[in-house]
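Novice: Please read through the structure below; I'll follow up with questions.
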Amino acid sequence: MSCPVIELTQQLIRRPSLSPDDAGCQALMIERLRKIGFTIEHMDFGDTQNFWAWRGRGETLAFAGHTDVVPAGDVDRWINPPFEPTIRDGMLFGRGAADMKGSLAAMVVAAERFVAQHPHHRGRLAFLITSDEEASAKNGTVKVVEALMARNERLDYCLVGEPSSTEIVGDVVKNGRRGSLTCNLTIHGVQGHVAYPHLADNPVHRAAPFLNELVAIEWDRGNDFFPATSMQVANIQAGTGSNNVIPGELFVQFNFRFSTELTDEIIKERVHALLEKHQLRYTVDWWLSGQPFLTARGKLVDAVVNAIEHYNEIKPQLLTTGGTSDGRFIARMGAQVVELGPVNATIHKINECVNAADLQLLARMYQRIMEQLVA
């Protein structure tokens with residue numbers, strides 16, 4: 001017996017949509033949504049394809065996701081070509097199976113079933129889909145959100161289909177994410193010969209006390225919803241490669257994953273104060289990837305928890321751990337934002353896969369969420 005969720009997932013996987021190339025995935029989704037009465041608005045920016053689709057009016061529940069995937073890596077190590085989906089022992093293999101073409105298929109099929117049962121639903125059901133999430137994320141959801149906000153578009157609830165689960169579908173729901181702030185720091189010294197250090201100024205030596213103090217800072221202790229803020233040095237570069245040259249510059253890149261106990265401005269102020277304390281000559285460039293956001297218990301969280309408890313008979317954990325997602329952009333609209341998707345154990349890996357039965361379960365959960373919020 002065929003399953004529409006699995007069939008659509010397989011069709012999407014066959015389209016090698018390496019970010020930001022959509023490779024025809026959105027056209028496939030749009031065709032299905034048009035047939036059930038959705039209005040489609042293409043919102044492409046640069047090399048990125050996006051669409052905003054809606055049906056009905058009033059209080060709005062949007063389903064958000066991305067069609068792009070990361071590269072497959074060494075294809076010879078896959079049990080099957082990465083863009084030729086195959087099912088083995090109940091597991092559906094293929095690049096994007098878990099992140100996140102399975103979720104996209106579950107969303108579309110859930111919408112089809114929902115509309116068939118509730119053709120005159122009271123609220124508005126919407127889709128926000130992009131092909132630029134895995135790479136730069138500069139022309140995707142963030143641009144669509146900016147355009148929607150500029151025309152005062154309403155968005156009350158948003159379900160992002162990122163693979164949130166860890167062992168069984170629905171065991172973890174993300175109801176927020178930490179902020180992400182990166183510092184690109186250059187410490188300036190004076191290049192010279194290692195035999196004549198008095199004629200040079202070694203930026204590595206200069207920066208060492210600063211870095212020691214930086215890594216020892218306890219930024220906060222987190223709160224009931226977020227773990228403590230984490231700072232990690234990601235890259236350090238200095239020197240010419242020669243053993244007899246004192247470097248003239250030291251480049252250090254470090255990233256903060258910060259909770260709602262802090263703001264990006266507070267972090268910047270403390271780092272700059274520390275640099276001044278150590279009397280360093282420096283240039284700095286900051287990149288704020290996203291602010292922290294949190295969706296407290298309310299209609300959306302309650303609907304998601306209800307759907308999981310109904311179909312999987314487990315109580316999900318509400319967590320804010322992990323990396324950033326496009327939910328950080330959607331939260332700017334004032335919407336309640338929650339992430340619910342399949343198990344994430346194999347995302348971005350060789351032989352990415354998802355339990356086929358989980359996708360069928362996910363579609364039922366999505367449909368129940370629709371029924372609770374916009375039926």
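Heads up, the Cβ atoms here are built off N, Cα and C, so glycines get one too.
OK, Swiss-Prot features for this one:
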BINDING   His66, Asp99, Glu162  Zn(2+) 1 binding site
ACT_SITE  Asp68  active site
BINDING   Asp99, Glu134, His348  Zn(2+) 2 binding site
ACT_SITE  Glu133  active site, proton acceptor
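Quick one: where do these features end up spatially?
Specialist: Annotation for His66 (Zn(2+) 1 binding site): same-chain Cβ neighbours under 8 Å, separated by at least 6 residues, are Met100, Ile129, Thr130, Ser131, Asp132, Glu133, Glu134, Gly140, Thr141, Asp326.
There are 26 other CB atoms within 10 A of the CB of Asp68 (active site), with all protein chains counted.
Under DSSP, Asp99 (Zn(2+) 1 binding site) is assigned to a helix (H, G or I) in the three-state scheme.
Neighbour count (other Cβ atoms within 10 Å of the Cβ, all protein chains): 26 for Glu133 (active site, proton acceptor).
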Novice: Going by C-alpha positions, which of the binding-site residues (Asp99, Glu162, His348) is nearest Asp68 (active site)?
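Specialist: So, spelling it out, the nearest of the binding-site residues is Asp99.
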Novice: Just jot down the residues in the same chain as His348 (Zn(2+) 2 binding site), at least 6 apart in sequence, with C-beta under 8 A of its C-beta; none if empty.
Specialist: Val70, Asp99
Novice: What are the non-local neighbours of Glu162 (Zn(2+) 1 binding site), defined as same-chain residues 6+ apart in sequence with CB under 8 A from its CB?
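Specialist: Spatial neighbours, sequence-distant, of Glu162 (Zn(2+) 1 binding site): Gly65, Asp99, Met100, Ser103, Lys174, Ser325, Gly327, Glu339, Gly341.
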Novice: Look at each of the binding-site residues, Asp99, Glu134, and point out the one with the fewest other Cβ atoms around it within 10 Å.
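Specialist: Counting other Cβ atoms within 10 Å of each of the binding-site residues Asp99, Glu134 gives the minimum at Glu134.
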Novice: Neighbourhood of the Zn(2+) 2 site (Asp99, Glu134, His348): other residues with Cβ within 8 Å of the Cβ centroid, in order?
Specialist: Val69, Val70, Gly96, Met100, Ile347
Novice: May I ask you to report the DSSP-based helix, strand or coil state of His66 (Zn(2+) 1 binding site)?
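Specialist: The residue in question, His66 (Zn(2+) 1 binding site), is strand (DSSP, three-state).
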